[in-house]
Amino acid sequence: YAASAQNANRGSRATYIGKGKVEEISETIVRENIDIIVINGQAKPQQIHNLKIYLGKFKPKIVVWDKVELILQIFSKHAATSEAKLQIKIAAMKHMGPRIYGMGFIMSQQGGGIGTKGIGETNTELMRRHWRNEMRQVQNELEKQTDNRERQMENRKKTGFQTVSLIGYTNSGKTTLFNSLTGSHNLVENALFATLDSNVNKLFLKEINKEIYLTDTIGFIQDLPPDLIDAFRSTLMETIHADLLLHVIDITDPRMTDKITVVENILRDLGIDNKNQIYVFNKIDITNGVNQDDLISQFGSFHPEFISAEKGKNLESLLEQIQILLSHPV
């Protein structure tokens, strides 16, 4: 692979990146035999289209993605349920607009063309009309699934069950912790967005003789576009309505503090930054001398716990803290 950087002030309305940088990239494509170009930013569909046209002169099958489309491609790879697939489709359609039908992202799901033009209707108008109709159809289908999820959550509350939700930056170890606490066997991967759906399982808290629900859902990432957050609001409902949040943090990550801020900002955007939280510092079995006392001093109001989800270390202490906060909400 090859990497290149550009001053943000030197971009182009037509191609997102400047003319000189585009020419440099075209040379790199040929020299390094590059197949995919990824822009670390959010470009407009027309800018992506223009880049593909220009770079295609040097490599006809070149693929050009921006950050949002890269995330969507990863999402698409990991989506296992119809709900997740619908959410991805909505996010893709919002991001790319009607041009999505000519960009190959979901053409395989269309089952044919995009319909017949009306009298005097241009191809662009046809795509817009089809885009509106399909967006309405997909949103209606997702709404049905959202209603079903809401009913499930309401039934839990009616029967007296409390819910604890695992949150955190992607790849922080949430699913490993979920499996360790509940005895589940959900797929654990060292990969971004390995979990896209909400996994729910019961957890028995012996000290208070009570069964609760534990949920594991999608991980967050820096500069996650609002359309993606909005599209996955159905999945995030488990977090939005939880009684307690377990914010799982990779203590070995050099950017740990920055990633904590990213997660907190997303919680604020969702309107749930005032929920009770436990900061769960994970992977203490492989940490490189991080001072736990400093973290306790810095994040004491978030009831910090230090664990190894993979090794099962200090999970009893975490469970005790969960029981305390559920029994005596702050």
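Each residue, glycine too, has its Cβ placed from N, Cα and C.
Keep in mind that what you see is a predicted model, and the values were worked out from it rather than measured.
Other C-beta atoms found within 10 angstroms of the C-beta of Lys174 (GTP binding site) number 29, with every protein chain shown included. What TrEMBL lists as GTP binding site is 168-175, 193-197, 216-219, 282-285.
Annotated Mg(2+) binding site per TrEMBL: Thr175, Thr195, in sequence order. With a 10 A radius on its CB, Thr175 (Mg(2+) binding site) counts 23 other CB atoms from all the protein chains.
Annotation source TrEMBL lists coiled coil at 128-155.
Positions annotated as domain 'Hflx-type G' by TrEMBL: 162-330.
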Which one, from the binding-site residues Asn171, Ile218, Lys283, has the smallest tally of other C-beta atoms lying within 10 Å of its C-beta?
Asn171
